[in-house]
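> What follows is a structure written as structure tokens; I'll ask about it next.
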Amino acid sequence: MNIHEYQAKALLRSYGAPVSDGRVVLKADEAKSAAGELGGPLWVVKAQIHAGGRGKGKFKEPEAGEKGGVRLAKSVGEAAELAKQMLGRTLVTHQTGPSGKQVNRIYIEEGSDIARELYLALLVDRGTSRISFVVSTEGGMDIEEVAASTPEKIVSFSVDPASGLSDFHGRRVAFALGLEGAQVKQCVQLVKNLYRAFVEKDMEMLEINPLIVMTDGNLKVLDAKVGFDNNALYRQPDIMALRDETEEDPKELAASKFDLNYIALDGEIGCMVNGAGLAMATMDIIKLYGAEPANFLDVGGGATKEKVTEAFKIITSDPNVKGILVNIFGGIMRCDIIAEGIIAAVKEVGLQVPLVVRLEGTNVEKGKEIIANSGLNVIAGDNLSDAAQKIVKAVKG
């Protein structure tokens, strides 16, 4: 789960991280009073969406102006006008895709005198099962370009969970960032605070870009992006309260309410599978035979007719889907239950695209019999390869 920048900064502030004072604005008429509560003489007006690249982004609507989603104002009135221009508009960045995201929140914060822009992130390194630090002296809007063209400017290391974080980790970050004097001590404390927040709040990713050195020599968190482990949210009610469902894919949101693991992709063949490994194998074989999967959808081991029906609704709500492949291995899940769910779903949604079903495992013969006697136009797949070839042929011809 992701949260907005202003929420991330409030969380980090509670852990002692140095951040600018700011105000969130939901309505245009709130902007002037919000900006007036801040000191100036420079105000930063930021669009709040769950995507990076806001500074280099562009709005679809000409009324929003030609600048990106991060703008500078030199007066309260100008800050209010910039907020008014961006609220309700659609911001397109390299992370949103061409459809962009609607800006429903604006964050106005005090400007900072910047001497240097740095990069600092904490990530879960799944290869080592440790928390890793990733740091660079080249922070700011071009960090992706730095990673691609000059990777030697990025330093990373992990923390052994058995021994935990120590001061030397903070000093290692400081030296990698080229900090000196009192800045090293500040960095050591900041690293401690960020690491504690990361662990206590079950984060998956914490990105500070940029971490700035101000002209007075002090450090400040200028932007923050935080992602949390969805599997740990049950023990983080305060984090769950920060969830903004308007920022989530509607199909993924609907799937989560039925405990379906769904991720939208860009292809034309919808997939419904039980088990993450089998789902990935199904997507691979669709690509092998010349097509592209439209989604990852794992119905899990305890799917009911209701869950299967909802899964079909979610898949068919994607206008790019030109065919559907159902691939079920019945272990915990019985194939006859899945078959009943498929029939009910096809009847309820009025399926208009080809459907190939491959069943194997517990009660597979009952499942096949239910589908065969349904009177519906469902194509049976004898095995995974056969099913994949049939759905690709049905879609591509």
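Backbone N, Cα and C define each Cβ position, glycine as well.
Feature table excerpt (Swiss-Prot):
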- LYS46, GLY53, ARG54, GLY55, GLU109, SER112, GLU117: ATP binding site (BINDING)
- ASN209, ASP223: Mg(2+) binding site (BINDING)
- ASN274, GLY331, ILE332, MET333: substrate binding site (BINDING)
- 9-254: domain 'ATP-grasp' (DOMAIN)
> Run through the Cβ atoms and count how many others sit within 10 Å of the one on GLY53 (ATP binding site).
17
> Neighbour count first, Cβ atoms within 10 Å, every protein chain included; then name which of GLY55, GLY331 tops the list of binding-site residues.
GLY55
> Around the C-beta of ASN209 (Mg(2+) binding site), how many further C-beta atoms are within 10 angstroms, looking at every protein chain?
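Looking across every protein chain shown, the total is 20.
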> How many neighbouring Cβ atoms, not counting its own, are there within 10 Å of the Cβ of ARG54 (ATP binding site)?
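Result for ARG54 (ATP binding site): 22 other Cβ atoms within 10 Å.
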> Of LYS46, GLU117, ILE332, which binding-site residues are close to ASN209 (Mg(2+) binding site), meaning a Cα within 10 Å of its Cα?
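Of LYS46, GLU117, ILE332, within range: GLU117.
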> For GLY55 (ATP binding site), identify the closest of the binding-site residues ASP223, ASN274, GLY331, ILE332, MET333, judging by Cα separation.
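Sorting the binding-site residues by distance from GLY55 (ATP binding site), the top entry is ASP223.
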> Could you round the CA separation between ILE332 (substrate binding site) and GLY53 (ATP binding site) to a whole angstrom and send it over?
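Here the two Cα atoms lie 44 Å apart.
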> For the domain 'ATP-grasp' (9-254), what is the mean per-residue pLDDT, to the nearest integer?
94
> For SER112, ASN274, listed as binding-site residues, tell me which one has the smallest number of other Cβ atoms within 10 Å.
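So among SER112, ASN274, the binding-site residues given, the one with the fewest Cβ atoms within 10 Å is SER112.
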> Between the binding-site residues ASP223, ASN274, MET333, which lies closest to GLY53 (ATP binding site), Cα to Cα?
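Closest by Cα distance to GLY53 (ATP binding site) among the binding-site residues ASP223, ASN274, MET333: ASP223.
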> To see if you understand the setup: which same-chain residues, six or more apart in sequence, place their Cβ under 8 Å from that of ASP223 (Mg(2+) binding site)?
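For ASP223 (Mg(2+) binding site), the qualifying residues are GLU5, ILE208, ASN209, PRO210.
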> Other than its own, how many Cβ atoms are within 10 Å of the Cβ belonging to GLU109 (ATP binding site)?
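For GLU109 (ATP binding site), the count of other Cβ atoms within 10 Å is 24.
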> Rank aside, I only need the closest one: which of the binding-site residues ASN274, GLY331, MET333 has its C-alpha nearest to that of LYS46 (ATP binding site)?
ASN274
